[in-house]
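So TrEMBL lists these for the protein:
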BINDING   A:Asp208, A:Arg215, A:Arg230, A:Glu259, A:Phe299, A:Arg371, A:Lys377  ATP binding site
ACT_SITE  A:Lys210  active site, N6-AMP-lysine intermediate
DOMAIN    A:287-411  domain 'ATP-dependent DNA ligase family profile'
Amino acid sequence: MQLHRLVETSREVTATSSRTAKTTLVATLLAEAEPQEAGLVAAYLAGVLPQRRTGIGWRTLSAERPAAAARPTLEVAQVDRRIQELADLAGSGSSGRRRELLRTLYADLTDAEQRYVTGLLSGELRQGASDGVLLAAIAQAADVPAADVRRAVMLAGFTAPVAQAALTDGAAGLARISLEPGRPLRPMLAGSAPDVPAALDGTPVRLDRKLDGIRIQAHKVGEDVRLFTRSLEEVTERLPEVVELVAALPHDTVVLDGEVIALAADGRPEPFQVTGSRTASAGSPEALRASTPLTTFFFDLLHLDGEDLLDLPLAQRFSRLADLVPPDALVPSMVTDDTEEAQRFFAETVEAGHEGVVVKRLDAPYAAGRRGAGWVKVKPRHTLDLVVLAVERGSGRRRDWLSNIHLGARDPDTGGFVMLGKTFKGMTDETLRWQTERFRELATDDDGWVVTVRPEQVVEIAFDGVQRSSRYPGGVALRFARVLRYRDDKSADEADTIADVRALRG
DNA sequence: TTCCGACAGTGGGGTCGCAAT
DNA sequence: ATTGCGACCCCACTATCGGAA
């Protein structure tokens, strides 16, 4: 298939807001793909590169853009091969060679093709169609039920191989995709609720302690153990403690879901940054263990010795899990239908330094990749009244608005403000309209991207916690900050202080 | 007809490894 | 040695479409 066909479809997909129309456009092109390129075309249509790492990012892409070719010439498969060359050179010290490859590729692309490939390489195609539309389109093009496609994607972990199987072999191809121990599947995700009562539905539920660590999917096949993150990156070499724990399980084939976290000597959790740093670090097993020991807590069992457990209700999966793993490797949890009891568990968990709870329906199967009602997380929420120091121009649908605000805490010592981070979250279109006008009035400077304002507007901010920061002058930053409301009943000299913020860090 | 679940988009801070400076 | 970049860890929230109720 010619790349320009794909680019033309992408343009049409972007042009319509109808999802059914997007789906039909994608399905039509999928049906045109040659059998051997179906997976590749599917991935490209969803804005995904088969190569996870290319070494080419936003910065490199904006640095150079050669003159475009007058006419389209490249096949999708040719583009894939040339991007593969780039990816093969990533991390090999040949950035000059990679830039050269990028230049010659772009010189062979028309203007529209260049923009499309830039979207692919940067991961920001923004055509209003991604995995969800692709999934529906695969079902339409292969004439198979969407639910079967969804299930296959969950089991395969990625969409492209499912598209390949469905478009070449239809229902029979889909049916051949199963949970394969040793190969990661998409993890089940949780929705969220503002408090414990909102997460309960009157029936008994299991409340798991929510640990602020790294999600781990563990596979054991005979002597072989492999570990994967939420995005299915393999991290086996980085977590020798977890490998040892899983290898010791007295079963031949096991697939587990859980979380690893660094605990202090007193058993309280370390800040997320400590666990994150350890998990991102390479080194010898001995050095890794010695640097920051990790503790593993499993909360689900997906497969055991040839038996898939995904469709069993949680109650049964958890009971099988509890029989399998050592008690101290099982996530602390409880079952209740009583609101007060659940509230108490939540309060104790937070008091012990943990992130919150995940409320799980006892009858829910393991539905990977969906943020449904099966699992709901509840976390405490902090708030502060801060002052807006600057605003950044938005992009995409926020192009004409001032969007991302810079947040400052009052510093009584200097009479000024200390920046703590930024946020673009929690704003409705109405808020965006209002703040665009308001901050234009308060503007003192504009560098084309950031508009600096007189520090007068107070905003109430919700956030999950305070973390150590090397970026911001106060040495602290807010985690997951979002706007609750603008406050016109408070002036900037009534805003919360940097001392208030530091006190939250303890 | 109204409601609500699922998606896509719009970005946040921190950390590592690697290459260039 | 330091800095910039890419990639990945954690992620919240709103608007919209279209099927469910």
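Here the Cβ of each residue, glycine as well, is placed from N, Cα and C on the backbone.
Any TrEMBL annotation is an automated prediction that lacks curation.
As the structure is a computational prediction, the values presented were derived from the model and not from experiment.
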DSSP on A:Lys210 (active site, N6-AMP-lysine intermediate), three-state: which is it?
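DSSP call for A:Lys210 (active site, N6-AMP-lysine intermediate): strand.
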Distance check, please: Cα of A:Phe299 (ATP binding site) against Cα of A:Lys210 (active site, N6-AMP-lysine intermediate), rounded to an integer number of angstrom.
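A:Phe299 (ATP binding site) to A:Lys210 (active site, N6-AMP-lysine intermediate), Cα-Cα distance: 10 Å.
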What Cα-Cα separation, expressed in whole Å, is found between A:Lys210 (active site, N6-AMP-lysine intermediate) and A:Arg230 (ATP binding site)?
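Distance (Cα to Cα, whole Å): 15 Å.
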With every protein chain in view, what's the tally of Cβ atoms within 10 Å of the Cβ of A:Glu259 (ATP binding site), excluding that atom itself?
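I count 21 other Cβ atoms within 10 Å of it.
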If you count other C-beta atoms within 10 angstroms, which of the binding-site residues A:Arg215, A:Lys377 is the most crowded?
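Compared across A:Arg215, A:Lys377, the most Cβ atoms within 10 Å surround A:Lys377.
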Fewest neighbouring Cβ atoms within 10 Å: which of the recorded positions A:Asp208, A:Lys210, A:Arg230, A:Phe299?
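Counting other Cβ atoms within 10 Å of each of the recorded positions A:Asp208, A:Lys210, A:Arg230, A:Phe299, the minimum falls on A:Arg230.
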